[in-house]
Amino acid sequence: MPWLLSAPKLVPAVANVRGLSGCMLCSQRRYSLQPVPERRIPNRYLGQPSPFTHPHLLRPGEVTPGLSQVEYALRRHKLMSLIQKEAQGQSGTDQTVVVLSNPTYYMSNDIPYTFHQDNNFLYLCGFQEPDSILVLQSLPGKQLPSHKAILFVPRRDPSRELWDGPRSGTDGAIALTGVDEAYTLEEFQHLLPKMKAETNMVWYDWMRPSHAQLHSDYMQPLTEAKAKSKNKVRGVQQLIQRLRLIKSPAEIERMQIAGKLTSQAFIETMFASKAPVEEGFLYAKFEFECRARGADILAYPPVVAGGNRSNTLHYVKNNQLIKDGEMVLLDGGCESSCYVSDITRTWPVNGRFTAPQAELYEAILEIQRDCLALCFPGTSLENIYSMMLTLIGQKLKDLGIMKNIKENNAFKAARKYCPHHVGHYLGMDVHDTPDMPRSLPLQPGMVITIEPGIYIPEDDKDAPEKFRGLGVRIEDDVVVTQDSPLILSADCPKEMNDIEQICSRAS
């Protein structure tokens with residue numbers, strides 16, 4: 001998608017424990033990267049799949065499919081290590097991180113959208129219920145990154161669970177996620193006085209709160225009070241994004257699964273595109289094939305653009321008829337176990353490229369191959385983008401689309417026919433870690449897209465008539481490694497012969 005430039009041992013009720021941290025149990029608890037072994041998942045349904053209720057999805061010790069309690073604890077540990085570096089020179093200052101979940105959003109009265117968790121919150125704990133708060137607190141007398149992780153979650157409520165389904169509650173939250181402590185959401189207010197203290201640095205994204213109501217009820221008064229303190233509230237999102245930028249082996253495995261199943265969905269959608277065909281049918285076919293193979297949802301509204309509509313980069317109406325002889329550009333991806341894919345392919349719906357279509361398609365395919373070869377440590381998306389524009393400029397000259405263009409104007413001319421970047425970071429979000437600049441040197445573990453395109457509107461009088469109305473983009477998902485790049489979407493055909501064979505395959 002183009003991107004514009006154990007039965008848990010709970011702490012006693014807060015009413016009996018001033019400030020959440022003064023009880024005997026808290027002082028005796030061991031805080032470490034290892035989950036407490038005696039915490040058993042409650043033998044009931046929680047607010048999300050668990051190894052007890054969904055053994056076909058999660059192994060024991062996993063919080064979300066493929067990701068263990070230890071992995072989530074390590075993420076929190078790494079975040080507190082970054083905060084330790086940021087807070088150097090602030091000896092005697094407590095550090096507290098606050099991350100809010102998403103709320104439930106509604107399309108109309110009493111009709112909710114499917115809930116999707118805030119990805120920064122999800123990245124740090126794996127908890128998938130709305131109206132929750134994650135707190136990471138430094139420990140008195142211990143240096144960072146030592147800390148304790150606390151979840152504040154919705155209270156068990158039989159009347160609401162009758163309508164909305166089960167909630168994890170404090171016992172389920174602590175056992176499933178492996179955090180150190182869990183309380184009901186209402187008990188968060190008892191933590192606020194400590195955070196308001198002069199000796200406490202709070203890390204919280206008050207400029208872009210993910211949950212407006214929780215921000216208004218709890219965090220806005222805190223940020224206003226801290227504005228008068230020497231230790232003001234500092235944003236934490238960029239630190240989390242720095243961690244999310246480099247994927248672990250477990251994350252890459254999740255993304256490989258998403259890439260493979262999306263590739264298979266593309267193959268089946270290509271096969272189903274017999275001309276004439278409605279864009280809406282291909283949309284439905286693609287979504288069905290993703291979901292049938294285990295995807296949770298689509299990663300974004302797909303672009304299913306036939307003919308000249310492929311020149312609208314984020315065309316998502318998907319309601320027109322694609323005629324015999326036209327190509328379709330399908331930009332689609334899925335979300336599987338919290339990680340997404342993002343793939344684009346362009347093909348003729350009748351199964352045969354015309355000569356002009358083949359010329360333009362082969363030009364983009366060559367450019368994409370050259371850009372993929374640049375996906376190695378030390379280069380950057382900006383470097384690859386510059387190379388893409390150079391290559392596009394040369395191809396536009398070769399095809400006779402750009403004439404009499406001086407070398408110093410080639411970039412500008414190339415941007416006319418490819419107004420988007422070469423790619424973006426990919427992970428839990430499609431346009432992942434948006435605060436991270438594309439000038440960063442690539443490192444092993446980064447996942448990016450490479451998606452050159454050429455778009456020639458049907459009213460472009462400068463281009464040869466045979467190319468007018470054609471738009472081609474080819475997009476793959478790439479893991480940067482120490483060696484050659486790992487293409488997560490390698491199973492998705494893009495050679496012209498392969499595409500034509502699939503489209504002409506017998507039913």
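Including glycine, each Cβ sits where the backbone N, Cα and C put it.
Annotation comment: Swiss-Prot describes 1-31 as transit peptide.
For the region 'Interaction with TNFRSF1B' (54-79), the predicted model reports an average pLDDT of 98. Swiss-Prot lists 54-79 with the feature region 'Interaction with TNFRSF1B', giving similarity to another entry as the kind of evidence.
Using a 10 Å Cβ-Cβ cutoff, His431 (substrate binding site) registers 16 neighbours. Annotation source Swiss-Prot lists substrate binding site at Tyr300, Asp331, Asp342, His424, His431, Glu451, Glu475, citing similarity to another entry.
Asp331 (substrate binding site) falls within a strand when secondary structure is assigned with DSSP. Annotated Mn(2+) 2 binding site per Swiss-Prot: Asp331, Asp342, Glu475, in sequence order.
When Cβ atoms from all protein chains are considered, those within 10 Å of Glu475 (substrate binding site) total 27, not counting its own. The Mn(2+) 1 binding site annotation in Swiss-Prot covers Asp342, His424, Glu451, Glu475, and the record cites similarity to another entry as its basis.
Neighbours of the Mn(2+) 2 site: apart from Asp331, Asp342, Glu475, residues of the same chain with C-beta atoms within 8 angstroms of the site's C-beta centroid are Met1, Pro2, Gly332, Gly333, Ile343, Thr344, Thr449, Glu451, Arg473. Just so you know, the Cβ of Asp342 (substrate binding site) picks up 31 other Cβ atoms within 10 Å once every protein chain is counted. For the recorded site, Tyr300 (substrate binding site), the DSSP three-state label reads coil.
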